[in-house]
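Everything on this sheet refers to the single structure shown next.
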Amino acid sequence: MAAKQLIFDESARHALLRGVEKLSKAVKCTLGPAGRNVILDKKFGSPTITKDGVTVAKEVELEDPWENMGAQLVKEVASKTSDVAGDGTTTATVLAESIYKEGLKNVTAGANPMDLKRGVDKAVQAVVKQLKEISHIVKGKEEIKQVATVSANWDTSIGEIIADALDKVGKDGTVTVEEAKHIETTLEVVEGMQFDRGYISPYFVTNAEELEAVLENAYILIHEKKISNLKDLLPLLEKIAKAGRPLLIIAEDVEGEALATLVVNKLRGTLQVCAVKAPGFGDRRKAMLEDIAILTGGRCLTEDLGIKLENVQLEDLGRAKRIIVEKENTTIIEGSGSRSEIQGRINQIRRQIEETTSDYDREKLQERLAKLAGGVAVIHVGAATETELKEKKARVEDALHATRAAVEEGIVPGGGVALLRCQKAIEGLSLKGDEQIGANIVYKALEYPLKTLADNAGLEGSVIVNEVKAKKGNEGFDVAKRSYVDMFEAGIVDPTKVTRTALENAASIAGLLLTTEAMVTEIPEKEKKPATPAGAGGMGDMEY
């Protein structure tokens, strides 16, 4: 095991501070409508230009190992805040730097770091409680648009599109963000349930121009296994032909004589039919087939039920008003399933989402929930250049996450006003000694987001903070218009969840940094001088 180097006490804490300050300086310049861009060098391709705090933070690696530890810990504040709330990464970084910097001054002056941390934690609890009390529930499309606009760095077009998307698919619907092939940013809403499987054979196509098969008022056969034997399928096909309605077959696969018969009957016009492979794999496939069965009012024919294909009745089939099958996607619109059964399935999936510990499983469950509950909206982000496209897509994703957070926990006045108004909660605490000093550190830190917003706009931050403190309620400073306004009326709002998460994460890491007493890292290897090549000696008389 290689030898390690250690540093202790003040040396350790000040090394951490240098790293925290360097990271914070790079990140906090992006805060607010007057925030600046940061250019990130990439080993391949053109540099990335961004105003997204967490994107900047993730790129920072410092040469000094002690300083780098501080930077990496604050980077975690930004990443965790982004993961949980989708935004507020820059605010979290500013708060972490402020709490640690002020706390370190007091530790250096002789305060007990453990008592300071307890004071910080108690102050944060009081502020979080106050934030929830001043929070407003998001009502209507206009307020959703305001939140999205603020989170997208004041881009009203992005705010409008996100508000439209959430309005159309509802709070349980899925909104995905994709890169467009043109320069405009557009919204596409997929009605009904869509899954990523297309027709097995192109002979099933009914619309040659669009290369799609459209089935109106169709029956749906949902089968877990492969269908290859015609004998098993024939009784059902005869019943379908008598009923005179189209049929969609969803199975693991359709092959051999079964597929040939379906194609021949489709081409002759005897039967309007289309076959697609079942979506997903393994247990997830079975769950998705059950979802389709419940949505369409049919039965999923699995081995567990013991129903043979030749014994299937028309009552066992699902039904839908319209089905569109493309080369790679199938969309089922207006399934005939019972509303109560669909709601029961939705509640079951919600419980699974709460219980799961896997991010991947949670994402897949949320997709299933969206397909059953509200549908799927796709925002196609367009831009003139690839560099702009990357930056814009990151802003859209941030704004979308923040908007969902706002719908979840409500909104508070933006522009740093909510945190400033929560100073009253700390004034109401009765603490003693170093715990009171810890609470005072948080009290002062709550001014920093507003101060940074004003500093980025080229104004005197301390003056703006004092002006806003003298005002009441939701009144604050509109940095873009350089005037004092009611933040709610001006549409300058932040999701409560974003503000809460930023403060909690910042205080958590700052508290850990304050109570650090020693640091350990590997000794950097010294570069070895290259060995003299063999036979290089004795060449002194040679001329060059």
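Glycine is no exception: its Cβ is also placed from the backbone N, Cα and C atoms.
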Feature region 'Disordered' in Swiss-Prot, mapped to one of the ranges 41-61, 335-355, 524-544: 524-544
Count of other CB atoms lying within 10 Å of the CB belonging to GLY415 (ATP binding site): 28
Using a 10 Å cut-off, grab the number of neighbouring Cβ atoms around the Cβ of ASP494 (ATP binding site), all chains included. 31
Give me the long-range Cβ neighbours of THR90 (ATP binding site): same chain, 6+ apart, Cβ under 8 Å, in sequence order. VAL27, LYS28, THR30, LEU31, GLY35, GLY53, ALA78
What number of additional C-beta atoms lies within 10 angstroms of the C-beta atom of GLY88 (ATP binding site)? 32
